[in-house]
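Everything below concerns the one structure shown next.
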Amino acid sequence: MGGNVGQLGTHTCKSLAEDDPSDPVEPPRRPTGNLIMHSMAMLGREFCYAVEAAYVTPVLLSVGLPRSLYSTVWLLSPILGFLLQPVVGLASDHCRARWGRRRPYILTLGILMLSGMALYLNGDAVVSALIADPRRKRIWAITITMIGVVTFDFAADFIDGPIKAYLFDVCSHEDKERGLHYHALFTGLGGALGYLLGAIDWAHLEIGRVLGTEFQVMFFFSALVLTLCFSIHLCSIPEAPLRDVTKDISPQQAPQDFPLSSDKMYQYGSIEKAKNGSVNPELALQGEKNKNPTRKAMTVKSLLRALVNMPPHYRCLCISHLIGWTAFLSNMLFFTDFMGQIVYHGDPYGAHNSTEFLIYERGVEIGCWGLCINSVFSSLYSYLQKPLVTYIGLKGLYFMGYLLFGLGTGFIGLFPNVYSTLALCTLFGVMSSTLYTVPFNLIAKYHREEQEEKRHQAPGGGRDGGGRGQGLDCAVLTCMVQLAQILVGGGLGFLVNKAGSVIVVITASAVALVGCCFVALFVRYVD
């Protein structure tokens, strides 16, 4: 974190994103246009997420996946993400690519998202065209579809951490808050557009007949939106590469205080930050000597030490984030199935031309409209958060998000009705916007508080952050999403088999109400 000096092999790197106490320079204020361009990644990601949420259950059912394997699909991706997310977060803190620290990871994960969608939305059609034997066709269709779902989920969950760290690296504290609100706004907008497309009956439209099935139509739009949004995002705010301090600053240069230039950057941040700022090499070398008498390689042991030494208020924030996402995912992953089976009384296992199956499909379409309402209200609520926070603070926003979601889902589970369920989908949007903004706002405030503390300490004498940087902290917080998926996939798959989708909604309500108590009593808030 603040003031860290990280090691990668035998190289020692310094990062402005971790705000060394000897560095008084803050990134320049960003124009609104740059922050909107940066937020386009969230629109593309959430658009594709919405398509998956609306279609993944029908796709898995259409290829004949047994219900007993649902948990396997939901568990593989989050387990991989939970294990690898902190590793990649820490690695990105020390990445010295010429394109910056975060953007190479964002580009790679974006390509993986596109590949996963191609597999799970088109796998069945490709297998049907290549394999004639029904038994082999079913096995290959299930395998390819599962690989696609796992790949997409892994990349889409993983990418949130680097995107948030990228924002934190190149923005001032005020712009971090603005950027997070734009992220939530475009997250809701992307989800609304994705669910809206999922609610359209493409089979009776010309584009549906040209492309083949509604799955191919959704892949066409998803690939187009994802490519466009990520291209804009990656060009939004330039990153300067992280450079080797000890290589660039020789002892003979140490007594001199000279400005940085754009072609020889000694610290990491935005390009404008490197151009406008200056650093005292003597203090930089002094920090090297004080903090790193022996250079250690970045290892799994050092990563675990950094996680174990995480301050208690970070740990409590992670637990509250885990509770919130467990409640939210419990409801969202099974919502369209809940609408089709519980509200509309359809049968997903009936013959495809049977009345029961057609009723189930109608329920799934209406469920898509409900999720669309959730996303629209998430965007609206993210816009309202800024004036609300001046009256009730981050604590009030956090508590209210959990409370309204808990009450709304409880009412839906106890009284399943089409119109009341659609109306209460607005409360899902409150929870969604809360989860995407408040925890990361708190992370930014924690970092700022630590930076202020270190600026009052003697140069080079700040406490060691144990190898943690903003990339690692964002990654650990995002890891809670994967851990929530593991809990939901492992526990709720069994419950759905035994009691149906309604138990999922009741469980989500109970977990959210428990979360209300936790965020009120244990999470630390910074004024």
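Cβ coordinates are placed from backbone N, Cα and C, and glycine is handled just like the others.
Positions annotated as region 'Disordered' by TrEMBL: 1-31.
For 71-92 (among others), the entry in TrEMBL reads transmembrane segment.
Taken from TrEMBL, the feature transmembrane segment covers 104-123 (among others). Long-range Cβ contacts of the transmembrane segment (104-123) within its own chain (Cβ-Cβ under 8 Å, at least 6 residues beyond either end) map to 41, 45, 48, 51-52, 55-56, 59, 63, 88, 92, 95, 97, 141, 144-156, 158-159, 162-163, 166, 215-216, 218-219, 222-223, 226-227, 230, 233-234.
Annotation source TrEMBL lists transmembrane segment at 139-159 (among others).
Residues annotated as transmembrane segment in TrEMBL: 180-197 (among others).
The transmembrane segment feature in TrEMBL is assigned to 217-237 (among others). Sequence-distant contacts of the transmembrane segment (217-237) (same chain, six or more residues past either end, CB-CB distance under 8 Å): 30, 34-35, 37-41, 43-45, 47-48, 51, 55, 103, 106-107, 110, 113-114, 117-118, 121-122, 163, 166, 170-171, 190, 193-194, 197-198, 202, 207-208, 211, 270.
Residues annotated as transmembrane segment in TrEMBL: 322-344 (among others). Through the fold, the transmembrane segment (322-344) approaches residues 53-54, 57-58, 74, 359-364, 366-368, 370-371, 401-402, 405-406, 409, 416-418, 421, 428, 431-432, 434-435, 480-481, 483-485, 487-488, 492, 496, 500-502, 504-505, 507-509, 511-512, 514-515, 518 of its own chain, all at least 6 residues removed from its boundaries and within a Cβ separation under 8 Å.
What TrEMBL lists as transmembrane segment is 364-384 (among others).
If you look up TrEMBL, you'll see 396-415 (among others) marked as transmembrane segment.
Annotation comment: TrEMBL describes 421-444 (among others) as transmembrane segment. Only residues 6 or more beyond the boundaries of the transmembrane segment (421-444), in the same chain, are considered here, and those with a CB under 8 A from a CB of the stretch are 42, 164, 168, 173, 176-177, 180-181, 183-184, 187-188, 191, 314, 317, 320-321, 324-325, 327-328, 331-332, 339, 343, 366, 369-371, 373-382, 385, 394, 397-398, 400-402, 404-405, 407-409, 411-412, 470, 473-474, 477, 512, 523-526.
According to TrEMBL, the feature transmembrane segment maps to 474-496 (among others).
Marked as transmembrane segment by TrEMBL: 502-523 (among others). Taking Cβ pairs closer than 8 Å, the transmembrane segment (502-523) reaches residues 313, 316-317, 319-320, 323-324, 326-328, 330-331, 333-334, 338, 342, 395, 398-399, 402-403, 405-410, 412-414, 416, 431, 442, 492, 495-496 in its own chain, all 6 or more past its ends.
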Using Cβ distances below 8 Å and needing 3 or more such pairs, separated by at least 6 in sequence, tell me whether the transmembrane segment (180-197) contacts the transmembrane segment (139-159). no
